[in-house]
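J.: So Swiss-Prot lists the following for this protein:
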type: DISULFID; residues: Cys42-Cys119; note: disulfide bond
type: DOMAIN; residues: 21-121; note: domain 'Ig-like'
type: REGION; residues: 21-45; note: region 'Framework-1'
type: REGION; residues: 46-55; note: region 'Complementarity-determining-1'
type: REGION; residues: 56-72; note: region 'Framework-2'
type: REGION; residues: 73-81; note: region 'Complementarity-determining-2'
type: REGION; residues: 82-119; note: region 'Framework-3'
type: SIGNAL; residues: 1-20; note: signal peptide
Amino acid sequence: MSVSFLIFLPVLGLPWGVLSQVQLQQSGPGLVKPSQTLSLTCAISGDSVSSNSAAWNWIRQSPSRGLEWLGRTYYRSKWYNDYAVSVKSRITINPDTSKNQFSLQLNSVTPEDTAVYYCAR
């Protein structure tokens, strides 16, 4: 028997701040099977992924766990990553300067990973 569960991904650009006009556009699959890898991308407009003043985050929200910060990547003369302890062994967040975007990879997903996933600055 094959079991699947949904990964909800809002399709919208989120402006952050009245003056900044920064928009983030998420993309990725809506359905991932248990034990597979979830891969999501967040394209940035109005700012640079390698900005020295920004951090680029992935968060998720589910009825059972509420709002949960997963991790971030940021540039301060070199690249840094911070990850939530709950997913640290399964998560990778990578910047892509050539496409001005950053990505989330979550390995070995389970039904408990079912959530709405957001990227945020």
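Including glycine, each Cβ sits where the backbone N, Cα and C put it.
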J.: In this predicted model, what is the average pLDDT of the region 'Complementarity-determining-1' (46-55)?
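T.: A mean pLDDT of 95 is what the predicted model shows over the region 'Complementarity-determining-1' (46-55).
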J.: Secondary structure at Cys42 (disulfide bond) (DSSP, helix/strand/coil)?
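T.: Note: Cys42 (disulfide bond) is in a strand by DSSP.
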J.: Return one of helix, strand or coil for Cys119 (disulfide bond), based on DSSP.
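T.: Once the DSSP labels are grouped into three classes, Cys119 (disulfide bond) ends up as strand.
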J.: What count of other C-beta atoms do you get within 10 angstroms of the C-beta of Cys42 (disulfide bond), across all chains shown?
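T.: I count 25 other Cβ atoms within 10 Å of it.
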J.: In sequence order, which same-chain residues at least six apart have a C-beta under 8 angstroms from Cys119 (disulfide bond)?
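T.: Once residues fewer than 6 apart are set aside, Cys119 (disulfide bond) is near Leu24, Gln26, Leu40, Cys42, Trp56, Asn57, Trp58, Ile59, Phe102, Leu104.
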